[in-house]
Amino acid sequence: MAAIFILTMADIMDMLSCLPPAADSGSTTAPPPSSSPSSSPSSSLSGPGGCLYNPKYYSYIAVLALMATTMLVQVSHMVKLTLMLLITGATGIVNIYSWRDIFDRYDMARFQDYSTYLVPSKFTMTIMIFIMMVSFYYFSRHVEKLARTLFLWKIEVHEQKEKVNEMRRWNEALVTNMLPEHVARHFLGSKKRDEELYSQSYDEIGVMFASIPNFSDFYTEESINNGGIECLRFLNEIISDFDSLLDEPQFRCITKIKTIGSTYMAASGVTPDVSNGYSCMKMEEQSDRERWQHLADLADFALAMKVTLMNINYQSFNNFMLRIGLNKGGVLAGVIGARKPHYDIWGNTVNVASRMESTGVMGNIQVVEDCYNILKEYSFRFNGESSSTGEAHSNGLESVTNNGNTVNNNNNNGVSAPPESNNSNSTVDTRKKKRLSQCEEDVIRLIGQHLHDLGLNQTVDLLMHESGCRLEHPSATKFRNHVMEGEWDKAESDLNELKALMHSPSAIVRMKFLLLQQKYLEYLEDGKVLEALQVLRAELTPLKYNTERIHILSGYLMCSHAEDLRAKAEWEGKGSASRTKLLDKLQTYLPPSVMLPPRRLQTLLKQAVELQRERCLYHNTKLDSGLDSVSLLLDHACSRKQFPCYTQQILTEHCNEVWFCKFSNNGTKLATGSKDTTVILWHVDTETQQLKLMKTLEGHAYGVSYLAWSPDDAYLIACGPDDCSELWLWNVQTGELRTKMSQSHEDSLTSVAWNPDGKRFVTGGQRGQFYQCDLDGNLLDSWEGVRVQCLWCLNDGRTMLASDTHQRIRGYNFEDLTDRNIVQEDHPIMSFTVSKNGRLALLNVATQGVHLWDLQDRVLVRKYQGVTQGFYTIHSGFGGHNEDFIASGSEDHKVYIWHRRSELPIAELTGHTRTVNCVSWNPVLPGLLASASDDGTVRIWGPAPFLDVQEADGLNDCSSMDS
């Protein structure tokens, strides 16, 4: 950069040092041409009075300086631009101002015949230099961007390599943890085909089985053990201590094979690269003591396990005992499994070792006679004799060893070859097959499909062959196979065969679109962008179907890697998962006679279970919708003892009539209002479902007849009876009164409803008005001329429902100041409540009882029977799981519970001695119900306690009335 600057300055100084050619004073015109050759224009420019033969030469040098500036590396483009502007500006100023006479004379000498038609050279050269500067700057900027991009790509490639190496290290650690170290090196270090199996034969190894037989007595799934988790945690500590023994140097030749429940299996001599002091010697050169050192180490390991378990017993005050069996001989070792590979050993040696453990005595080690003869050489004592090395036990060895073949046969009973069945087959063939009905064929096809999904393909083939049915059309089977194998061209040709079998030929276009979409996404994931683009342009677009989806698919071309594609497309990626999902979609377009809908049997079973639950009058729990949580062998039935119709607690802290009770939205609190001018807040223990006194809010001069929790349960509003003109807004956490509101002494504020935003509420009464206020009690809006009996705000936050003295419920909109009629009854509406979804309303109608209305369709759905309702204000409510139940108080001192679909009560709860004014169902705990009565008590109802069956049946708190 310094050289460029020096070159530019030298060029400028050289230009400034040149003097213009001699001329007459005050004249810039060239002298008249002479007739002699020596007086030509060229000679005049280079004569004594001239300066330069070609002044453009210096401008070209400036261009060279610009080119040199472009070639600078590791220099910001702003520095290059500054230097270019300096060169261009300096050269342009010299050309236009300092050399203007030189260029003028040069133009007149060179172009004197048509000089009046040309742009002066001083301007053309300056413009040329400027254009070259712009071009060079653009080129320099492009090169810099390209270099930056390559640099970033290089960094990204480096990071990806680091991630790959890190992932490889994790994979190696994971494989080494799953498999023995020498087996893991075989899989990680060699280039092998996926279908290649690992297997290795060993002639002389030791096998040990060690179990804790009395652990099954210790394991329980009671609540004190957290459903058995604490027992499993303790077993994990025992197995982990056994595993830690393998890290000791003397046990380096022992390999853990697996654990089966509380049984520990290990082997010695299967690790070829572990040095035992004799590895340099060939097998035939080693003595028996050297060859079987690993078996002695295995016996030492068994004794160390006993010591470890003894220490655990001492620390945990338990009495676990090991039962151990040892054997030696030849085995076959290998790795099985594709998803979760497992290293295991097989052979008669393993079977005999297992039999040694299962037939042994707790606290002892049982070995075969061959092991007994070998271990004697290593100072082991038998038959209870002790030594410094430890102890072992030999019991009934000769019979077990001599009958080893018998043991092997017994262990193979489960996998023995089936008997010949030629006779049975001939019997079946000669028997006349029964003609199956359509229903029977459908059942067989459903069973076959389910067995096929479980992978029992041979069973399916046998079932279809014997029944004479066909699981699906051959064309559908071929189509399925081609889709699962990703042969998209063949799958498209299969659609032409299926077209004749379909009821709607237009569905072929939709099916083809789904196939091509999968094909397009798999090409993109494989990095075949050109092939994917060809599918998009030449195959998907000509279908002229779902153009919006095609635009979305085209956007996936910009995905930089496969993970980004799967995330944006919400796609599982190339493989069986996405293709199975594709088949599920394609099957919806095919008739059931051609291809059954996916998982049809599970769908029917789920529908049957859900239907049984819906028909169960006492079903009040949220269960898993899957089939794994229920038994298909029994019908679903809930007992009445599981229903909240038994008194769990009686709250007697109020000293007068209790007019209202309401659980908080999160179900952790209960508020009760009474004629004794107090509101009591109760805390609900969600584990024991017991209530404890939390706070007492006092000062309500007229008593409390209505309570409303804010949506976030932070505030509680209390209203009084008809002659009360005040409203109290309490802070639940602090117990402080935030607002005491009264618009006029003539008002009657008997009902209130919160807006869903929790910042506003609406209140009113029977004296002709209701108001919308904020948390400070400031009036926001009002509606005059409405005698309000009860209020409710819908979830839209705009519509307020109000029952009035005209035996109706109207909707009022404070935003556009409109109202409309929703419900019209023939008798006064004493109170009402709305379901969580805002669709249903439950009305307590004077002299009529409880009515259920559909607010959307504005129709009366059901009238519930049994309740005694006069002109007292009684509050009912929805509750239970999914709000399937309805509960209401009654003037006959009872609480009535109905299933929402049944008009007759399913339970009548007795216990109160006066009118039950209000019932509230816990929104979180469906088995918890509260009722408030004029007898001054609040009763908490729940399922039957843990009593004897006869005692539970003898309780008089609940009587059932099934519809």
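One is the number of the first residue shown, and numbering goes on along the chain from there.
Placed from the backbone N, Cα and C atoms, the Cβ positions cover glycine too.
Just so you know, TrEMBL annotations are computer predictions that nobody has curated.
Pulled from TrEMBL:
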type: COMPBIAS; residues: 36-46; note: compositional bias 'Low complexity'
type: COMPBIAS; residues: 387-399; note: compositional bias 'Polar residues'
type: COMPBIAS; residues: 400-415; note: compositional bias 'Low complexity'
type: COMPBIAS; residues: 419-428; note: compositional bias 'Polar residues'
type: DOMAIN; residues: 206-357; note: domain 'Guanylate cyclase'
type: DOMAIN; residues: 472-531; note: domain 'CTLH'
type: REGION; residues: 23-46; note: region 'Disordered'
type: REGION; residues: 387-434; note: region 'Disordered'
type: REPEAT; residues: 651-692; note: repeat 'WD'
type: REPEAT; residues: 697-728; note: repeat 'WD'
type: REPEAT; residues: 909-941; note: repeat 'WD'
type: SIGNAL; residues: 1-25; note: signal peptide
type: TRANSMEM; residues: 57-74; note: transmembrane segment
type: TRANSMEM; residues: 81-99; note: transmembrane segment
type: TRANSMEM; residues: 119-139; note: transmembrane segment
Averaged over the whole of the domain 'Guanylate cyclase' (206-357), what is the pLDDT?
82
For the transmembrane segment (119-139), could you work out the same-chain residues 6 or more beyond its ends whose Cβ comes under 8 Å from its Cβ atoms?
55-56, 59, 62-63, 66-67, 69-70, 77, 80-81, 84-85, 87-88, 91-92, 95-96, 99-100, 103-104, 106-107
Near the repeat 'WD' (697-728), which same-chain residues lie under 8 Å Cβ to Cβ, leaving out any that are not at least 6 residues past its ends?
656, 659-662, 664-666, 668-669, 671-681, 735, 737-754, 756-758, 761, 763, 765-766, 775, 777, 873
By Cβ distance under 8 Å, which residues at least 6 away from the ends of the repeat 'WD' (909-941) in the same chain are close to it?
620-622, 642-652, 654-663, 665-668, 670, 672, 674, 684, 686, 689, 691, 872-881, 885, 887-891, 893-897, 956-959
Counting by DSSP, what is the helix, strand and coil composition of the domain 'CTLH' (472-531)?
46 helix, 0 strand, 14 coil
DSSP-derived helix, strand and coil totals, residue by residue, for the repeat 'WD' (697-728):
0 helix, 12 strand, 20 coil
